[in-house]
Each structure stands twice: as structure tokens, then as C-alpha cells.
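S.K.: This is the structure, below, for whatever I ask next.
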């Protein structure tokens, strides 16, 4: 086969087949199946190259300047092709056009170019963001010029089955690149019989697999009659996955699998068993044969000779998924006559027959694969190769071969038998019907009666079964099923999309050339550079009558997409769905991640037209910045029942106009419902099976006819005759009464007989068995008494009439001990005997002290040791010689000895283990040798021993299982036992080895690791014995010695080592065994190889030729003869030339020289040649091979890689090399050729130097597999030897048994962990797998359900993924919902206890929704790397209480009004702060916070009240904290996860899980406090004297500049004065206002954490300390509050907060203290009584009541406005909290909604009243301020009037007294 299919998938219609799909994964894995070449035109093969976009993880195949062509050869008979490819154009040169081409090249050599694009830099868009690629640092091309185009070819008429598809880049610049992804190749295939064709029918063949077409039709001959696609004519179809159809075509069927083969070898043997076992031979009862039934014919064994009616049968092992068998067998019929029959039956029901006719054979229910007439040992026989498919009726089917032969001389045999199992479905363990599975194998799921690895994306998991979306409701069919795999292409897209337009409905093109694109492993609608803005439209018309449509879709926001997506289904228009913030993974496009949202919508629809519009706008102007795509797009129409013209539901009763048979059946009982998928029309068709009365399809019958005349029974959907009947002209007729099965009505037309009647088949007649006779009346044969044959019905048969010999009339006679006997049965025994009922026998009464019958003794007791037991004379059980109950000799060989009492007794210490009383016997008294007093003991140093097993050793010892001893632990720094020292304590001087003192190996005298004397020839230096080279004494590793320290190479001895010269690589005692590269070994010396182009000593050069004047000759530098001075092959001085005039025309240049001078001195060479010493030589490395001079071109200079310097060069030592790095001949002196690897290996040198040195290299003819050792020429498996070899084994526990942790293949088994050490026994331990759990935290009626996901163990991820990546969530039945995941403790690659809260918000009412989670397999591991025990789980979510659409609209209006009120109050309070009225803002904050904590009351609030209460959480500092990334800081401090400590409460209704972690709750408090402190310090700086001095200096400096002076004065008056006031009042007023503002949350955080403090990590310690300090602070300050306001002398300046705005009476002065107490008590009630909402209501209502009484009685505030607001607040709080008790009772939905509206109204009214009061106060203050301003203006005018100098003079004159003189 030239081509291996990746997949064969049917798409679009029955014609187009996807024959190849490559490069569609995220990480490309199959690039090696394609070939890469350097240029578009040459054949220099290169390694393929894949690259990755720098903006995402996608890999693509790259074409470059060195790999310009990518191609692959295919083989597939077809007549049309179609190709799709994504092409990435990366950079181009300006001006010059480069070309990218796609070609199809046939095996004949013809080429067809199907695509070409000429492009340059100007024609490429700069869409670099979708796949960034940078070129080299000196690149001059524009890196931004990148495009992605999708090439979709038209139908290509093509008929050559072997073809090559080539992608080629003809570049104009070496930095240009092309990327290829998603190569899809489709074909319109030929008919299965055609080798090539011009159409899809069987008469369109052009060529055949065998012979030539006749009229366009291909036929196979009889010898190979079956046709297999891509293979041709075969003798039989493959056993696995192929069945033969009626046209003799091999059709793919995954249900059939090969199972068993029998008797296929020429020699049939079975060891000690019968040769044909497990087959069972059943002889003909009339001709019993005892032969071994193995028959030899022409040297081949066969099972036979089988004569008469003998049979062979086989029982198969149990298989519940089995529904049929395919049997192929070769039969040999010797001397068969007409009417002889052979039958193959399965379970006595299914039958195949071979009937011999006059001139041929007739085969029923089978097919003849091969027929021959042959001879064997002068006997003629017929050879028939038979194939039959028979149904099974049991889970353990029985196959039977039986023949009925006409003549006694006939016999038959068989061999070469195969049995194939036909399953109802692949991977099925139990079937529901013939083609439908009921139970699948483990790890497979049931889907539509088949078994799949995982539920398809277009299904959901319900009750253990994958249900397709269109199977959820009867009579449903897909309208759209697209974009979930790689197949939604070509015309299929037109079924999904009509038009692609902009948002104004103007048709717009796709930039890539296609409206779909590809993401890893699937196609999608839209995508990168396709869909940035616009809409897809589709209109479906002529829909059949239906009532509902279900819409499911995934839409993905990509890169910088911040826009929206919406869909329109007829009149329904969804809202604009904005991109969520949860993110995902970056698969395609730019740097941003893709976010996928799943939506489903089910709506009522009855029109025959359906319009679907998918719209999106990324709001990005550049096409490469953002994108949108749609995937998993499914639209299912729920049609009316058949024959219904209109309906409102799925049943017949929902039908408006129905024309079916009746209200329960669509068709008559004798008809079945047929659906035409083309016309979409149902019809009723008649059941046409023989004997079928009712059916469900054309081939499946459900009820058969059973009457006196016609009797059929139902067999797996088929009506067949009962076994005692035969089929005759569509009727089942009864067999003769003697026949069990037959082929006619007569007594001699039987196939089989009923064995219960003692009859068997003989020449088609049911004859009585031997020993029986036919009485002519009864079916049952009668035994023949007196024939000495005992058969059923006879007790005995002695052939006589003596009534007293124990057998009378073939019945047993009673025994002599019988007192009363009748008809051979005893009913009373004689005295001394006991009657045994049931057997009618008399036995002696043991124990009556009378010896009767067969009793040997009778002592009347049960003592087993007194010599008589059970009326038998006995001795001790271990006695071997006994006389009259006395033992004379015991079994001493087994450790039993005769004692003085004649009893057998064991002796401890005899060395023989008595298993009854001894555990061991070591013949000594050593208590520490594991056996003590014949009981298992433990070794010395064991301190805990049990049953001979040491449980604990002393310190410093370890237990060794093999020897069961406590041995010292060498290396633990403890010197115990036999240890002399410790290695770890002697690391400096290495004086300890294996805990024993050691010295140098050459030391003669050693004491405590100190060497005192060395061996002769060694010298002691630093406690080591060292060789002394040059002392004339050869020792140790010295190979030679001279008494001379200056040893040189010439002596043959260098540094006391024999020397073989500089060219030797391996030198052994002066003999070179292996030379270096460039040398040749001769006479064990290395000589340089001149001509191998390797320069070694003493060569000067080496050019591999014998040219004398080319710079190098005979490996010495040389120049031309005219050269006077030659230096390194270069002539530096030439002789003066003699001038000779020669006609230029007569000068003939050398080969490949274009222009030359005199004496053929070439000056210019031809193309592809270069000048070297006046000679033209090929340019090696230019990519062109010059025939005759160059053999190859690989673009590198690496030796021994197959091509070196443009010549074939294989492995080292090869002297004749051919293409593809295959050596044909090696240098015989040093190497020999390995025929498997085609490489030269070092030759065995044993024969040359066996006298001098042991062999260094041995090459064996026997090669064992990995992890096998060659022992005595036998390969022994090392797995199971107890010594771990980590190169080939994962574990080794010393056996080859499975189930103990380490499998028979030395692989660790599931749920086991093994402790492994190289070379030692593996110790495996069973470990529990982790599990995950689901728990619903919310009430069942909540519209938002909270599901908690936890794990039983600490787990981790194998790779870093999010929960969304590795888990699939589904809700059944279908509904509209939103799903949000909150990570409490994240899954990560680090072990922890992950916790997730999954929020499911239902958008429409539901009944019993089921939440299901499926987690990807093998992604979550525990600390032992074990995966989850199960991967799927379901949990019920109750009955969510969902608001109606009208109620939601009303609620939104109220919420908006409420928010407007809140924001208005906030704005007014903010203005109040500017004017100095901070109390208004603080009181508003107090009110809003009090309202926000109502949601923690665990009542079952109606959903609209819950949503309303959640609006009060919007006023928070969370956005600011998010910007400051406080949570990220906590995550880092907490070790990578967000801190979470769940509050455990009895019921959790309204809220999500409360996080007790103090810092998480109190972070806004700390932020507020730190901010106020920061402002305080800023005010200190702003009001400081230093700053005043600076402004004074600035005023002096800029006194002439009025603008600057005005700014300085404004700053001093406004900013500095305000800062000074804030600073002065901070500790008396400001800090207390901050405390009151944060008090709710601060107290809430402290109480929530108490008392659950954790100190398990530094961050938890820090958190707990903060929480404790905060609680102490609250407690201490609360105790001190009254002391501030209850003092007689009140310091108003110091405690301004408490005394400002309050009256001075005692109770009124404590108003602020009471307010703080109120807040603390309020939060205390909320937190500590959270499990008791009724108590919360009573306490909160009472608190508000008492506080209201306090406000009314004492009126503590000076401001009537603030006092009125507090009174209203407490009044409404009293009403609200008290009336919440009503939710304790179980009211109807309407009443709950009414109560909810009442509470919403009261809360809204409270806010409105506050708003009215604040507005009134503001207006009043504005009026007063205006009056003050007017008054001030009048005073100013008066002052101005009197300040006038003239007016002052007049005034002064009028008021000055006149003096009269």
C-alpha cells in the first residue's frame, strides 16, 4: 500500500469521501507522512519542518528557501478530487512576484496545476497579528505582511488512482515563508470492483484489479471471487471487520472479529491431549470407532476419517455480546454419493447444509469459496472450502459438524477451520437485540445501541446512556448539525448558511475565501479573518408539520473582541450577549484568549418556514484584531407524529388533524412505518416476511403466525419454522414423528433424532440404539433384557434367568441381609443391620458390639486411639506397620517416632518439619536463626516479631524480606552489628567501604584503614599503594617497563603503556585492534588511507584522485611541472613560458570548460562547475546533481550521513555505498556488514589475537529481544527475576503474575504504587484512587442553584488547566441557563484540596433538572499519580422557582427606581460632605449596609426579593480593590490559591458559601482606615508651617504676578484651612466617622471568623492574629464607650464625634454609643443566629422596636431631619424583619410573590422617605443660607454706604456739637 488512511469519513452525500486529513491538530503529529524537498523541481529529500505562530499555540508546516516543496503520494481509485487547504503567506519581496502552486502529479508523470498565486509585498495585507513570524536580524522584508487564505478547489476530474499532491513555493527572497494547515483531500470514489474509473457505478471501470473490464465491468475469477476495496480480487474477505455481501464484495462491518483457528498446520498435535481437543468426537452409536480421528492425506493432517453418522462438536466460551458466528472450514469428501448430507449446526437451531447431488454439491445457508477434485493415496475426494454465517441462541454456543452418508464406504474429514465472532455491536458485552447493544465494555458508553468511547458532543448523558439531541423527543430530526468536527465543508455549508452579510444586510465577501475556518480538530463558522462584523442568514422552507424547535450553539469571542453576539429565530430576537470575563485558551488568532459561551433555546414553532440570523460585532475596525466564530451548532425540529398535519405536542392526542390507523398505532398490525429521508414523508408498508403477522421494519418481525396449519416462531426478528418442522412453499410442515429435524414428511427424511427416545440417525432414519428394540407402538425404544448390554432402564443384565444371583429380569436382587425384599428393593433388614432409606440397602450397625457383615471390630465406642474406630481396626494415622490395632513402626521419614505407649510422636530438633505441630525445624537451639523451638522466630536485633515476621528492627537496622533478617543500615551514621565503620562518617578519606574498614587493594598489611606495607612493585604514598613507572618492575596496569623515566613513542612503550602509533584508536599490548578514521589496519598496525579525503599524519593533503597537478598527488602537495616554487600545492614561481602561436580554433578545451588557453588551461567553466587548478569540477552543495561526477546532494558537510562531498558515504568502514545510507560492502580487514541495519560493524578479532588478549568484540548470530538474556543459546525473559532493570521495566516484583501491583509485563497496575530501586525487588502497595463529590448548597426552589465540587484526597493536575478546560457541564432536560464557576481552592499542578462553587442560574421554569459533570480522564491525579475512580456524576437541582417575564420587567423597573434613589441619596450625601455634614453620609452608609445584610437571613425568599436585596451590594469598594489587585496579593501570600474558609451552616438558602477568612472580608475596612490615615498625613503636610513658609516666599517672589498670588491665596484659604480642620478633628471626629462607616463589615468579619482560627500556614497565622486582635479591639472599645459619654465633665473637643449633633441630657448624650451598640448587636444576630432565621426576625424586630422607643422618648439628636430619618428607619426595620417570619410558612407561588412585592415596596419606601427628608433638609439649608447671604449683602451695602468719605464727612458734621463763643 502506498498510502495509509487516516480516516474514511462520509461527508455531504454518498459520493465525497475524505481520504486524507492532515495538520489539523493544535500540535502537528503526522508531518513525517509527507515528503519535503529543497526545490520545486528537484528530488533532494529534506526533513519536513513545522513551526508555531508566535501569537498562539498552533503549529503549521513551513515551506522555506531550503524546503520549498511538500508532497505526498496517495492511492485511492476515484474519478474526481477536491482539495481544501489553509495557506499562511508570510512576507514577500517588493516588486518581484513570487509564486505558490498546488499540483497533482500522476504516476505516469503527467502534472496538473490546480492553483497558483503570484504575489509580492504590495499584494499582501498586513494581518500579522493572527500569526506573527519574525525573520532574521538583517532581514529587509516587512514582518507585518502576513495573510491567511483558505483554498477550496472546484471538482477536479481525475482518474489515476496513484497520484501525488504537491505544494510548492517559488520564492524571490530567502526569508519568504509559506505555512500550511488543515489539508483535506476528498474523492468521489470508484465502484469497489474498479481499479480506476470515470464514474461511480460498476460499469464505469477503466481498469480492473484482475483482467480487463468487459463493457466497463470488472469481474474476478473463481479462485479469487471476492472483491476488496483497494486490494482487488481475494480468495476470502479478511476475517476482521469485513463481511461478504450478496455481490461477493467485502464490506466493512466492525462487528465481526476473528477469534479462533483450528487445524491450520499440516501436522495436527496437542501434546498429551487428544489431537483434536477441545473438539469432542461423538461416534455413530451403530458403528462405534475408537480411532484417534486424525487422517493424513498428501502429507497433511486432517480431522477424520469420519464415517457413518459420527460428528464433531465444540462448545465456545461465554460471550453475552455474541449474536452470530462466521465459520470457514475446508471439507474433504471421500467417495460421497448423491443424497449424502453434511450439516453445520449452532445451538441446534441455526443450520448450514451441504447436499451431494448427482453431478455437484448444493449448499444451503452458506457459500462455496473453493472447490477442487483431488486424489490422495489412490483415493479420489472432493475439496470444498465453505463459509457460513449462523445465528447464536445462547451465550455459550455449541457448534456441531455431522454428516449422514449413504454408503458405508463414504467418509469425510476437515481442517483449516476459523471461527469469527459476530457481535451485535463492537465493544458490547450484552446485547438487547441482533444489532443493538444493551451493556458496553468498561470505559465505553452506550449511544444509539452502539458503544462509543465518549458521548458525542451532540448528545447528553442520561441514566447511563448517551442520548442524541434528536432522540430526546420522539419524531425529532436535525435541521442543522454542523461545525463539531472536521466535516462541515463543501455543499454542507449551504445547508447551514444562505448569505453572509454586513449588519445592514449587504452581501460581504470573506477575506480568506471561505465563510468557515478551522480551529484544532474542527471547522467553525466564521473565525479568524472571516467574521469580525456581520451576520449569517439561513431560511428553511417547506418544513413538515411540527410544534417546537430546539436551538443549541457555542459562540466564541476571540482576541480583542469586546463586542457582542446575538441570534434571531424567526420573531424571537435574543439580546446582545456581551463577552464574559472568564477567558479561556488561546488557540487561534492573536495574543488574546478565546472565550466560549454556550446557549440553548427551545421555543414553540409551527410555521413551515424558519429564519435564522446569527449576528456579531467585535467593535474592532481591523480584521486581524478580533474575531467571532460559531461551533457545535445544532438545531433540532420536534415534528408531529406521522400522518399529522398540525399539532401542539409529541403525541397523537396533541394532533389537530390525524390520518393514521388509530389513536395508538400509526399503521395496521401487518404493516410497518417507513420514513423516506429524501421526501420527509412517512408511509405504511406491508410486512412481507414469510409467516410474519406484525413487524417494526422491513427486516424485523415482532409477531409470527402460529396456527394448526402454519407454525412459526420468532427468532431475533425473523420468523422461522420450529425444529420439528420443515419449510415447504412458505409453509412450515411437521416432520415425521420419529424425526427431531427433517427435510420431508417421511420417516426416512430425518436429519436428527430425539435422544430421549433412545434413537439415533442412520441413513436419514431414526433407528433404535444398540441394546434397544422398536416395539412398533411407542416412540421410545425398549431395552433388550438378556443381551448382556446394560442400557437405560436396566439395573443389570447377566444374560440368564437365575433369580438368586443378584440380577433378576435385569433388576438388582436384594442382599442377604434383607428381611423383606420386593421387586429388587429391600424394605426391612435383619437384626444387627440398619436400613438405609433411599438406596434400599442394609448396612451393619456399628457400635452394637456385634461384628456383622463387613465390620472388622465393634468396641461400642468412638475412641479413635483404642485400635478400633468406626468398626475398623486402626492404628495411629502416622503408623506404617499395624497389627491388631497395635502400631509396630511409625513414619520416621516424615518425623514420627514410636514411643513407649505404641503411639507415633514427633520430635522437635530432628530436622524434619511436622506441618501439624511445627512451623520449622533447624536442628539447633539458636534463638536468632529465624527458628526457635520449631516455631518461626525473628532474627537478632528484632524488637517486634509476629509469626516469624519482624515488624520492627532496632535503630540502625532494616528488615530484609528475602532473608527475613534485621541487617545493619550502612550509611545511617550509626555503627551497629557487624559494621566496623560508617561510610558517611568517613567521606573525607574514603576509609570505609560497605561499613567495613578498607585499605588500598594492593596493601599487604592493613590496620584500621591504615596501610603499613604495599605489595612488591608498589610504593606507599599518602596511605595508597601506587605503581612506580620507570622502576623496571611491571605491575598492575603497566604494559611495559623501562628503567628510564623518559619513555618515548619510538621505544614502543610510553608511560608504561605499549604504544601503537598515533593512528591507533584501540591499542592492546602493542597490537592495534581498531584504527582511527583515515587509517587502514594492516598487520595490526595503522597506515594512512590515501584517497579517502581525510588528512591524517603523515599525509599533507588528500583529494581522493590521482591527478598529478591538482595541488595534491599521492597525498603530498604538488604543482605543475613548470612550477619552480610550490607551497602547499600553490605555485608561487613559474618558469618563463615559450611563446607558440596556435590557431584558437584548433584549441580543444577539457570537459566542462567553456573557455580555455594554451595547454588546455581553462579560464571559464560551464554552469554548475567551478575552476580548481585550471580544472572544472562540479559545485558540491548547489542543489544540482551532475551525473557521473556527483551521486547525491544533501546540503551539509557531515560524514557518514549517507552523502558526503556529493558522493554516497555510509557508515565508517563502508567501501561500497548506495542510496539511502545503505552499505553494500565493508572493509573486510576491520569491519563486517550487518544485513539488518546495512551498516558496518567492528569485525570479530578473536581469531587474530586469542593468544595475546581476551576477546574485546563478539558478534553473535543469535539476537534476543529487549530485556531478554541469551543463556545457553536460549532467550530468557528478565521480567519477573526480582531485579529491576529501569531501561526496560517499570517494576519487577519477582514473579510474572498479575493482580499484585506489578503485572506479568512488569508494568505497574492501576491503584498500585511501587517502590523501585535499580537492581532490586519492587515493593508494591495498593492505594485508593481519589474521588470527587457534588453537594447542593442552596434550597431546591432557588432560581440560582449552588453546587459545591470537592475531592476526597489531595489532588493535582498533570498539566496546568482550568476546570472549564477539563470538565463538561450539562443540565437535563434542555433549558436556558447561565453557569458560573467560582474557585474557592483552585486545581493546580500542586497537591491541594480543591473546592469549586458552581452557580447555575435558570432562565425559565424547570421540573427536576439534573446537573451532570464529566471530567476528562487521566488529568487529575493524587500524590501517587492515580487518576479519579470515576469521571462522571449527577445531582438533582430540585424545582427552581423562576420569575415570569412580566414579573422580571416589573422587578427591573423597581430595581432601577431603587438604584436611582440610592444614587440620589449618595449624591446628596456627597454634597453634604463638602458642606461639612459628614453625619448625613455616614448615616446613609449605615442604612444601606443594614439593608444589605438582610440577604444573609436564611429564609426561602421569592426570587424577585432576592434579586432586589442583591442591589444593595453594588455600593462597595470592590472595584477599587480589584484595580489594586488585592486578591492577587492574597493569592501569592496564600501559596497560589485564593484564601477561602467555608462557614458551615445547617442550611444555605439565599447566599453563596460564606467565606470565613477574616482578611478577605475585612480588606475594605483596612483600605478605608489606611486611606483616612493617608489623608490625615496629607493634611498634616498641607497645613504645616514649612509649607506656609514656602508660600510666603513664593508670595514675595511673585508679588507682581496677580494670577499666582490669587492661586496661593485660594490654596491657603480653601485647601490649607480644610486640611487644618481635618487634622485637628481627625482623632476627635474623623477616625470615629471612619470606624462607624466600616463597623458593619468589620464586626461581620470578626464574628464570622470566630472561633474558627487556623494556624496551619504563615498566612493563616497572620489572618488569625488579625481576627483575634480585631475582636479584642471591638470588645475593648465597646466597654469603653459608656465611659466617654457618662462622665460628669464632658470634653467636647476630645470626643467631638460622640457629643456633636447630640443633646446633652444623659440618655441623649449616649446616642452615638447606642448606635454603635446597635450595629454590633445587629451583626451579631445576623452571624450567630444564621441557622435560625425565625430567631433573627424576632431579635432584630425587638432591637428596632426598643431603639425606636429610645428615639421617640429621648429625641437624642439636635437635627430634626436626622432624628426623623432614624425613626422611620427603625420603624420600617421593625416591620420588615418582623414580617419576614411569614416566609416560614408554606404559601402558594402567588402569595409568595405578593409578600415579596410588599417587602420590596417597604424597603423602597424607606429609601424614598430618606430621599425626601434629605431633599427637604437641603432645600431648607439652601433657603437659610440664601437668607443669610441676603442679610450679609444688606450689611455690606450699609457698610459701603457709611464707608464713603463724603458721607462720612456729612455724618461727622451732623453729629459734631457746635461751640458758641
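For all residues, glycine too, the Cβ spot is worked out from N, Cα and C.
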S.K.: Transmembrane segment per TrEMBL: which of the ranges 1588-1605, 1606-1623, 1768-1785 is that?
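M.R.: Here TrEMBL associates transmembrane segment with the stretch 1768-1785.
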S.K.: Can you identify, from 1536-1557, 1668-1689, the stretch that TrEMBL calls transmembrane segment?
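M.R.: Within the set 1536-1557, 1668-1689, TrEMBL attaches transmembrane segment to 1668-1689.
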S.K.: Roughly where does the domain 'EGF-like' (1055-1087) sit in mean pLDDT, to the nearest integer?
M.R.: 77
S.K.: Mind tallying the domain 'EGF-like' (694-733) by DSSP state, helix then strand then coil?
M.R.: 0 helix, 23 strand, 17 coil
S.K.: How about long-range neighbours of the domain 'EGF-like' (870-905): same chain, 6 or more residues beyond its ends, C-beta under 8 Å?
M.R.: 844, 846-847, 851, 855-858, 864, 912-914, 918, 921
S.K.: Counting by DSSP, what is the helix, strand and coil composition of the domain 'EGF-like' (1055-1087)?
M.R.: 0 helix, 19 strand, 14 coil
S.K.: Give the nonlocal contacts of the domain 'EGF-like' (423-452) in its own chain as ranges (CB under 8 Å, at least six residues past its ends).
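M.R.: Result: 254-257, 320-324, 391, 459, 461, 464-468, 471, 716-717.
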S.K.: At a C-beta cut-off of under 8 Å, are there same-chain residues at least 6 beyond the transmembrane segment (1566-1587) that contact it? List them, or none.
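M.R.: That would be 1517, 1520-1521, 1524, 1526, 1615-1616, 1618-1620, 1622-1623, 1626, 1630-1631, 1634, 1637-1638.
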S.K.: When you scan the chain for residues with a C-beta under 8 Å from the transmembrane segment (1736-1756), skipping those not six or more beyond its ends, what do you find?
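M.R.: For the transmembrane segment (1736-1756), the sequence-distant neighbours (Cβ-Cβ under 8 Å, at least 6 residues beyond its ends) are 1497, 1702-1703, 1705, 1707-1711, 1714, 1718, 1721-1722, 1725-1726, 1729-1730, 1763, 1766-1767, 1770-1771, 1773-1774, 1777-1778, 1780-1781.
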